[in-house]
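*Asks:* Below is a structure I'd like to ask you about.
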Amino acid sequence: MNNTSEIQQRLRRAYKVMLKFFGVKLVGESGEDTEVTEVERAENFAKRFDNLTANPHNNLRITRMLLSLGELGAEGYQAPLVKFFLKETLIENNLPRMKKSVMNFFVPAVRDVQKRRDLLYFAWRNYQPKEEFIWGKQEELERYKAKAAVVAPLLPAPLSEWTSVYSEKEKKWLSEERGEYGEDGWFQLASRQIVLPATLAPEIVRALHASTHGGREMMEQQLEPHFYIPGLSVVCKAIAQQCVTCAKNNPRAGPSQPPGKQPNRAVPNGIVTDRLHSATTLQRIQISTSDGVHSNRMGGSLPHKNGKDNRSSEKSNERNNTTL
């Protein structure tokens, strides 16, 4: 195929028409950028997806379209379209009657060997249940490392050590955001930030803190340029406060305590008692860390059980003795 500008433009226009039939469009379709090959949902995708599900013979049409792109020398359009359908079937759980066709026909139609391997690895990472994946050997896929679209040098372990599991609510939000899923399943925004699932974010932030023991502000500054984490400030603060190692090195702050009554461990400077002597005179036990324990008479008296003061009783006894 002659690589002339006119032919390429006509091919691109024809490709757009075919995509629209399936509810798909080129990213930034309204523009004239002829370099863009990534695709996304079109405005009519809901209606057309229903048609694709109801009429699975459309899977054969897509297969023929992919093969034709390869024959026409437009291999650059193949991988982005196949990856789009992998995301829709494996991640978004749409188009249930297309899942097997994507694996059996769409992926093998991609001519570029490296891109085809990357697509197969992407499919394996997101296929559920994994034990039913029959399009490659598990051992080889586990060893295979697709060209990383996402680099996270800050973390003590590669991001691939965690599995990207987004909730349905998060998937819905991501479908409305500009960005794409990487080869390893992580969604990357147009700002190049990796979106971390809310359920997984604390674990990943804790791993970073364990290797640096940075405070809240430091961790925020490290993470924010590379990751999008809902409530990042709150997550960083909570993890920093719960760190026992940080508490030992910062005794003024100390580790955060659980809610509830806190024990009072203060040592009293004295105890008042009337049990050291037979008399009912109040005594104070003075506690001294160096000299031991001392008792001093306070001079007061406790009332008898009948409510009368002890000193009045003693004076009455003295008068009676004098009279006798």
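Each residue, glycine too, has its Cβ placed from N, Cα and C.
Found this in TrEMBL, in case it helps:
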DOMAIN    1-140  domain 'Opioid growth factor receptor (OGFr) conserved'
DOMAIN    197-252  domain 'Integrase zinc-binding'
REGION    250-269  region 'Disordered'
REGION    286-324  region 'Disordered'
COMPBIAS  306-318  compositional bias 'Basic and acidic residues'
*Asks:* How does the domain 'Opioid growth factor receptor (OGFr) conserved' (1-140) divide up by DSSP, counting helix, then strand, then coil residues?
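*Replies:* For the domain 'Opioid growth factor receptor (OGFr) conserved' (1-140), the helix, strand and coil counts are 89 helix, 6 strand, 45 coil.
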*Asks:* By DSSP, what is the split of the domain 'Integrase zinc-binding' (197-252) into helix, strand and coil residues?
*Replies:* 37 helix, 2 strand, 17 coil
*Asks:* I'm checking region-level scores; what's the whole-number mean pLDDT for the domain 'Opioid growth factor receptor (OGFr) conserved' (1-140)?
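*Replies:* Overall, the domain 'Opioid growth factor receptor (OGFr) conserved' (1-140) comes to a mean pLDDT of 89.
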